[in-house]
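Written below as structure tokens is the structure these notes are about.
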């Protein structure tokens, strides 16, 4: 017991610190400052709590745990996420280490179980509730300073000048976090005697939260605001979820796969919406997100958790106890239900998920101190009997050993993931400063630490491509310089292919591979054929994307295969009937074929679709008049001049002339895979052997 008490106190301070700091915590040392670092804080805190809890079992020589109605729903929820990650997600590192995914769920459940067993007294429970409110109050103060433009004047950091900055990572998250605590505070205020210091403190907290949420809402939702958030519609989210159920009803498409589900399953009607060019990484609400990625199993278990919370809220209201703890039971369960309700309209970030777990912890402990039969302590025991008759409890050691065996590899891998992310952040800084060598070397180091992150490989691929294009502009290349360019091109292609291998269900990875090949048209022989093959594979994973179809048609146009180009451009028009650029490319293909009548018809559609104030409008009208003049002539129109940069219309172009003569010949293994739809790989991709070229 002497050992247990200090351990319990340490654990309690860890719990308090995590509750207070997590919504406010961020570090500008990774490429994503907010949820990634909050996730790191949560994982570290939960790991420490798990070790302390299991060590206390050994010190007590017994496993004594708190049982509650929420225990089984949370356990089954964790199991659903883990099973789905192993069975369905192609990239398990994303599933376990991305914020808000399986690793976060594991850490949240560990935090819940540890907290309800390590917070013992009523005083500690009251402090837990106080620190939860204090976290919201501090967030409110920061929100007021941000909305009033005072924060950048107080602190010198450049990122604080962002018009949408928030310590939670999103002003919407901060606003929802703060608003969720207002009912909690109001109920506490009603039960306090007027005029007391505690009542005054609660009133000030309410005023701060109301003022902060109001200022944040005004700044992002005011008329003409450029910072109004964009959400995926409920109808589109529902359609995606239903299609995902057809593929895998029980366990969904897997954690960390929503963007792949979005590209693969979104309805064609989405192309008529203003957000048609965006790819969403989350659903319109959390329930459809669970249904899509974790399947019916995950959704049903989560609804079971909601149902158990409703039961607790009902029991708290009907309780005849006069204890002040009853108030905490009511406020915590009501706040949890508010958060569950808000999840019908929003995808919760990590801060909101943690607030939900904190409320469930407070509710469980409140019922425990109310003496409710729903929450009670129970002993679990397995003993070994010796020849002398002595009985030795072994279950505490089993728990401790299991915790150590789980945490050592998990924390080791997470440490590598975190270190890689800090290096990737440095590489982005080097790239912004146009320091190619430092960018190149730092990306290699990041990939060695975490070879499973496709974004690192994409960045490395693009860096090699930029260096190759830069080196190729030099006249009269030497043999060594030509060899350097060849190495850079090969590494660019290799890493683009590795990104596809790491996450084969992600259409953007195949688009990047196709774009790499396309950018090599003036450097490498046969790059157009490989680009076309990659675009076709991307189209399998993103079948209603008109831009992929236009890109395929553009390559066929460059090859002077006008009939096939026309077919693809027409398909792009069918996918998005109001896409001016699709009509523009279709008109150009008809023009080059010599079919001026159809070219004229499609150019008329272009003129009717683009804005009269657009820089393209006058050009489109000019081309329309030219086609009217040439309609009926049999000679092919001359290729038009280049479009103004940054305009809405982008026509197809012929194959560029090689800037290196003779063109670089690439080995066949650098070509795209021949399968039309890449299958998820279970192997461990490793960083490709990298030759460090000399770039002048």
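Positions of Cβ are set from backbone N, Cα and C atoms, glycine also.
Just so you know, TrEMBL annotations are computer predictions that nobody has curated.
Over in TrEMBL, the protein carries these features:
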type     : residues : note
TRANSMEM : 12-34    : transmembrane segment
TRANSMEM : 40-58    : transmembrane segment
TRANSMEM : 70-87    : transmembrane segment
TRANSMEM : 99-116   : transmembrane segment
TRANSMEM : 128-148  : transmembrane segment
TRANSMEM : 168-190  : transmembrane segment
TRANSMEM : 202-221  : transmembrane segment
TRANSMEM : 286-307  : transmembrane segment
TRANSMEM : 327-346  : transmembrane segment
TRANSMEM : 352-371  : transmembrane segment
TRANSMEM : 392-412  : transmembrane segment
REPEAT   : 546-579  : repeat 'TPR'
REPEAT   : 580-613  : repeat 'TPR'
REGION   : 629-696  : region 'Disordered'
COMPBIAS : 653-665  : compositional bias 'Pro residues'
COMPBIAS : 672-696  : compositional bias 'Low complexity'
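Between the transmembrane segment (40-58) and the stretches 70-87, 99-116, 327-346, it is 99-116 that has the most C-beta pairs under 8 angstroms. Residues belonging to the repeat 'TPR' (580-613) score a mean pLDDT of 92 in the model. Tallying C-beta pairs under 8 angstroms between the transmembrane segment (12-34) and each of 202-221, 327-346, 352-371 places 352-371 first. When Cβ distances are compared across the two stretches, the transmembrane segment (70-87) makes no contact with the transmembrane segment (392-412), since fewer than 3 pairs at least 6 residues apart fall below 8 angstroms.
Within its own chain, the transmembrane segment (352-371) has Cβ neighbours under 8 Å at 19, 22-23, 38, 42, 66, 68, 70, 100, 104, 108, 111-112, 115-116, 119, 122, 125, 128-129, 132, 173, 176-177, 180, 309, 312, 315-316, 319, 321, 323, 325-326, 328-329, 332-333, 335-336, 339-340, 342, 346, 377, counting only residues six or more beyond its boundaries. Long-range contacts of the transmembrane segment (128-148) within the same chain, counting only residues at least 6 positions beyond its ends with a Cβ under 8 Å from a Cβ of the stretch, are 15-16, 19-24, 115, 119, 154, 160, 165-168, 171, 174-175, 177-178, 181, 184-185, 205, 208-209, 211-213, 215-216, 218-219, 328, 331-332, 355, 358-359, 361-362, 365. Tertiary proximity for the transmembrane segment (202-221) is limited to same-chain residues at least six positions away from its ends with a CB under 8 Å from its CB atoms, namely 133, 136-137, 139-141, 143-144, 146-148, 163-164, 166, 171-172, 174-175, 178-179, 181-182, 185-186, 188-189, 192, 227-229.
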